[in-house]
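Going by TrEMBL, these are the annotated features:
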DOMAIN    19-271  domain 'G-protein coupled receptors family 1 profile'
TRANSMEM  6-26  transmembrane segment
TRANSMEM  38-58  transmembrane segment
TRANSMEM  78-102  transmembrane segment
TRANSMEM  122-142  transmembrane segment
TRANSMEM  162-182  transmembrane segment
TRANSMEM  215-241  transmembrane segment
TRANSMEM  253-273  transmembrane segment
Amino acid sequence: MWQSIKIANFVIVTTMLLFHGCSIYVSTTSKELKKNRFLVLSMYLSLSDSALGLEFIYHNILVFMNPQGVTFQYQCLLIQHLIGGTIMSSLVQTLLICIERLNATFTTQKGILVLVSSNKGVLLYFILSHCIALLRFGMATIDGPVPCDPKNTTTTLSLFSHDIPCLCIVVAIISCYGVVVYRMISLQNFVPTSSMTESQVAKKKAKSIRTRRNAVTLGLIIAVSLVAVLPRSILVFYSYMGNKSALAGTLTLIFNNIFLLLNPVVDPIIYVLRIKKYRQYLRCKCLKKNTVSDLVNKS
């Protein structure tokens, strides 16, 4: 079963990297999309998810090699903790998108919110989450190497240094999203349109529609994040209470290799389904590439 799940994991990860590769290509080659802060932060989320995919691939290689030496066991333990750090980083990226959407509900952007969701902030949080992962790895190696077993990811150390912080980030995401939705509803009911010109009313409606669509897109991303993170967190709490059974081990295997990948796999699909400009640019890039290929073949 272990090998079957890892094969399924490898297929999912390969698909995920393909999706995110297209997402990053479209985002970086389209000048108009790069001006949209929401999509820029979504691109950073794609980069973080791509890093997660590469880490999973390396972990799969180690598992298929079935290493027994101390060096391989340390590598497996290290990559497991780095995967945890990247998952935490992806959750932080989602929180930053929520903060950016919150800032968009203000007439004048708040400096502290701009600073928190800036490019430097994104890099800082990515480094910090992986520093926590490396610290956790160092503490885990005190007792020597351990087998490359998924049960070793549900320890007390991982509970307090990974799962509880991730749950706190999820709570912050939900809270921030709730404030965004509340402010959107309040602003729509508060701002009068009788004293505005037709062009101002049209701009206001367009902005409201765009903000509402972004909020719905963000809501879908958050929903997928909850489905991906909460089952494992609940299972870790269950194991921490001393309930370690064969079923818990099987569920750990499934949650670590399937559920945690739901978020990075589904995110690019959400972008395509929900963001019209993203679909248009993706279609243009594909058609342009196909046109060039046809010309080359004809010549």
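Think of each number as a place in line: the chain as shown, counted from 1.
For all residues, glycine too, the Cβ spot is worked out from N, Cα and C.
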Report summary line: Given 122-142, 162-182, 215-241, 253-273, the one sharing the most C-beta pairs under 8 Å with the transmembrane segment (6-26) is 253-273
Query raised in the report: Relative to the transmembrane segment (78-102), which of 38-58, 122-142, 215-241, 253-273 accounts for the most Cβ pairs at distances under 8 Å?
Result: 122-142
Query raised in the report: Near the transmembrane segment (38-58), which residues from the same chain, at least 6 beyond its ends, have a CB less than 8 A from one of its CBs?
Result: 9-10, 13-14, 16-17, 20-21, 23-24, 27-28, 79, 82-83, 86-87, 89-90, 93-94, 96-97, 100-101, 104, 117, 122, 126, 214, 261, 263-264, 267-268, 271, 275, 278
